[in-house]
Every structure is written in C-alpha cells, then in structure tokens.
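Remarks on the structure that follows.
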Ligand SMILES: NC(=O)C1=CN([C@@H]2O[C@H](COP(=O)(O)OP(=O)(O)OC[C@H]3O[C@@H](n4cnc5c(N)ncnc54)[C@H](O)[C@@H]3O)[C@@H](O)[C@H]2O)[C@H](O)CC1
Ligand SMILES: [K+]
C-alpha cells in the first residue's frame, strides 16, 4: 500500500484528470460517497439506528470542503440527518467546491453559515471534518482554527475527510490546533502524515478508499514509499513469505552469523543478539567477546559458539584487535556489531578498520552507531565492499545526521531516505512506525509492534534478526524489512500473552520468533 505526500497526491490527481480523462467532479463524487458509506457502516456496526443520528459536516473552501458537500448528500440519501456548516462564503470556494455547494443548495441540504451563525454542537451525534485537506499550508488560520477547537471540545465523534484538519500531510507533524479524529477516510492513498506520529494518533482508525485513481499509477509516477506489509514483502521486496525450508538441507545451508557485542556491564545485549540470530534461522552463530569476559559467559547461549578475543586483560573492545574480528568474519556470512559494546578512547578509528575490512554484510547498532557518528573523517572512509545496515533509534539517528532528535522525529521518512541515499546504506530508523530506507530511495514504513517493545534489549534482538537474515542470503533491503516485520509481529504475539504490554521483556520476543 503506497504512502504519498500532498505533492505526490496532486501529481496522481492531475494525471488521472488530464491524461486518463476522469473528470475531477467524478473523483469528488466518489470521495464524498466513500466517506458517507464508511460512516453509515460504522453507525450500523455500533448497533445504532440511522434515524437517531444527526451529523454535522464542516466544509472548508477548498476541494476537501467539496468532498464534504458530496458526503452530506450521500449521508442524507442513506437516511442519516445531516447539516453542512460552511467555514467561508461560497464566493471564496474553489470552483469544484462552489459547484458542490450549489448542488447541495438545490438538493435541499440544510446549510449553516459560520460567519453569521454559531454552531449548536449539542444537536449532533457526529462530525465530518472536511475543513482542510492536502492543500493546507502551515497552521490553520481563522475561521478554521476556531472551528477545529470547537469540534474537538464538542467531544462528538469526528470522521476526518482525507486527513484531520491541521495535520501536515507530508510529515505527520500536527499544527495547533489539529482535529482529533476517531476515524479518517483517506482518499485514494495513505498520506505520510497519517502513518507517522503524532499525526497517526490524531487520525484515529484509518481506512483508505479508492476514488477512481488507478492504484498502479503510484509506482509509475515514481512514488517510492509504502507500508511494510506482506504485500510489500511478497511484491517489491521479492520475498516468498510462505516459503518452507527444503528437506535436504543442513546447518551450512542457512549461513553463519558473527555477533560482536556485549561487555561486562552489558553482556545481556550480546546474549539477546546471538539468540535472536539463531531464532531467526541462521545455521550457525558465533558470539565474539573480549577474552576476559568469555569465561563468565560459557554456556550462556549453548547453541552459539563463543569466541574470546585477546584483550590484554582489559575486558574492553578497543583492546581487541579489529583484525581478530575480521579473521572470524572471514568464515561468516554477516557481522552484527555494537550492542552493549560500550565506548572507548579512539573507538571511531577502531570501527573504521572493521567498516573498511569486513567483506561480509554488516549490521551496525547501538554503540557502533555512536562511534560512526563521532568519526570526524567518516567522509574519507573507503566505501563498504558488502551491504551495510544501520539500525539507529531516534537519538542515535540524530547523532548520525548531526541534527536534534526533534528534527529526526519531525520527518522520519524524509530524513531516513536522504541519509540512506547519501551514504549508500540501508537504514532502519527505529521507534513507533519504524522506517526502513534503502540506498536506491525506497522507503518502507512498519505498522506492527506495540509500545511494550519500548524495553531494554529489544533493539539487540532486532540487530540479531537482521544479521541472521543477511547470513541466510537475503539482501539488505529484504533482511531489514523482513527483520523489522518479524520483530514487530513477535512483539505483538508476546504482548497478547501478557495482561499489559508494559511487562513485555526483550527475551519474550525470542520465544515468539
Ligand atoms: N486526492 C484526490 O485526487 C482528490 C482530492 N480531493 C480532495 O481535495 C483535497 C485537496 O484539495 P485542495 O483544494 O487542494 O486543498 P484543501 O481542500 O485542503 O484546501 C485548502 C484551502 O484552504 C486554504 N488554506 C491553505 N492552508 C490554510 C491554512 N493553514 N489555514 C486556512 N486556510 C488554508 C487554501 O488556500 C485552500 O483554499 C484533498 O485533501 C481531498 O479531500 C478531491 O475532492 C477528490 C480528488
Ligand atoms: K479534513
């Protein structure tokens, strides 16, 4: 399922009208009818009687308002009482909205002129927000701001037409004020703002309804952002998710994952990472740690091989010669580096040796990302010889990109795409709605998982899963996407087994993989 910006939506819209020749009024008719249909369905599902309902449609002066007039007509036809509140007089409306206004008048709909009359909110059982759509620029101005505040304060259920008014369709930023919708009927395609927080929260439950724009047009007009679902895994990512293991295979058929992770204080990070790799299906896993630690970890993951690397008795990673890790990596199919590694003097240069030296796919997580972020000479590092996957959380992403965490969260899709393209890496920007960006400009947004996964060690599990998939021969985009999807799905299964997701542990994810 494609996710578009307002600008991409305009291109799709224009192409449909001008090249394919579907009249704009037909698209608007479809849009309004779909909104009304959804409302009628929800009323019925809630066991309420249409005859007992009275809805108020808030109509703005743009085409979003035009959709509102159409929706009102179809609600009325479905036997649901409806009135339309006009934010501005018809002479200020877009031609399409003005046309729908005139039709509404002749149709006999009850209209309220907000510049002359106050809305008696108590009269209604629900509200359609058709004030502002994808044509919005910046924070809602008057009279829209006041209407949005009143609608929110009314505590009536609000159904947003296309997007909640006040939401930035391109980023998910919410302006002050912004409609808090119970549901949103997205027209033709999901807008980015509906899937990124905080926008995703103000949109409530989102459904996407077709309005006559061919679904395939998105790809042909260059849209490269989509929901990470099974259709994406099976389609553009080319993964057969129902594929079974062949019977005549052995552990050597499924790759060998090397995990360089953990220190005395954070040995659990390495443990979770190594276990996750094995649970995600690699045939063999080697867990490398500084030698001083190895004796304490014997038998902790019996299925993994434990490699204690000479550390001159220091128990830290910079005293482990990078060459020793590279020598182990020679026999492995992917290397995960960073969880629980700690930070040391000169560690950025230490990482450089591994970045330039490792000929197998590399997953960098946690401390390895901070080493990378602080490398003053990163621009001079030789390009990697195999795929690289970075798995930062927003704070680590901020350090990598040299911006604030707030900046990262403001436009996760845009930032992840730019970073991945610029640095030739596959980037997994973690957090609610994890974003996977590939070096060729494709972006996948994950929608599974839950807040219980905001727990120590969940990231270490993800790094292990992705490295495991890389060692099984999946390419970087496939491994990152399938890994993120499996990780979220495991989290959802684990959360179902607990009274509250709050008590979920990273170790629980392993059991569900
Ligand atoms: N996607 C489609 O193919 C179709 C979409 N439809 C609907 O049309 C809107 C987009 O319509 P547009 O006229 O471009 O924009 P808006 O309705 O969002 O109008 C905005 C309106 O308000 C003014 N404005 C802009 N920013 C602000 C602000 N911050 N405060 C106040 N006013 C503002 C601006 O000048 C415009 O006049 C889309 O979302 C769908 O709902 C079609 O109906 C069907 C085809
Ligand atoms: K709206």
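Including glycine, each Cβ sits where the backbone N, Cα and C put it.
As recorded in TrEMBL:
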BINDING   63-67, 133-139, 144, 162, 269, 340, 393, 460  (6S)-NADPHX binding site
BINDING   64, 129, 165  K(+) binding site
BINDING   430, 431, 432, 433, 434, 459  AMP binding site
DOMAIN    9-219  domain 'YjeF N-terminal'
DOMAIN    234-513  domain 'YjeF C-terminal'
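A map of TrEMBL features onto the structure.
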residue : record                   : Cβ contacts under 8 Å, 6 or more apart
63      : (6S)-NADPHX binding site : 28, 94, 96, 97, 133, 135
64      : K(+) binding site        : 130, 131, 132, 133, 134, 135, 161, 162, 165
66      : (6S)-NADPHX binding site : 28, 32, 59, 93, 94, 96, 97, 99, 100
144     : (6S)-NADPHX binding site : 60, 87, 131, 132, 165
431     : AMP binding site         : 393, 394, 409, 412
432     : AMP binding site         : 197, 200, 449, 451
433     : AMP binding site         : 195, 196, 197, 200, 412, 445, 446, 447
434     : AMP binding site         : 428, 445, 446, 449, 484, 488
459     : AMP binding site         : 339, 365, 366, 391, 393, 430
Those binding-site residues among 64, 430, 434 lining ligand 2, judged by a Cβ under 6 Å from any of its atoms, are 64
Determine the binding-site residues, out of 431, 433, 434, 459, lying near ligand 1 in the sense that the CB is under 6 Å from one of its atoms, and give them in sequence order. none
Within 8 Å of the Cβ centroid of the AMP site residues 430, 431, 432, 433, 434, 459, which other residues of the same chain have their Cβ? 393, 394, 429, 435, 446, 449
I want the residues beyond 64, 129, 165 whose C-beta is within 8 angstroms of the mean position of the K(+) site's C-beta atoms, in chain order. 58, 60, 65, 68, 130, 131, 132, 133, 160, 161, 162, 163, 164, 179
Three-state secondary structure, which DSSP defines for residue 430 (AMP binding site): coil
Binding-site residues considered: 134, 165; fewest surrounding Cβ atoms within 10 Å belongs to 134
Could you give the mean pLDDT over the domain 'YjeF C-terminal' (234-513), rounded to a whole number? 95
Rounded to an integer, what is the Cα-Cα distance in Å between residue 129 (K(+) binding site) and residue 137 ((6S)-NADPHX binding site)? 17
Count the Cβ atoms, other than its own, that fall within 10 Å of the Cβ of residue 137 ((6S)-NADPHX binding site), considering every protein chain shown. 8
Applying a 10 Å Cβ distance cut-off over all chains shown, what neighbour count does residue 129 (K(+) binding site) have? 30
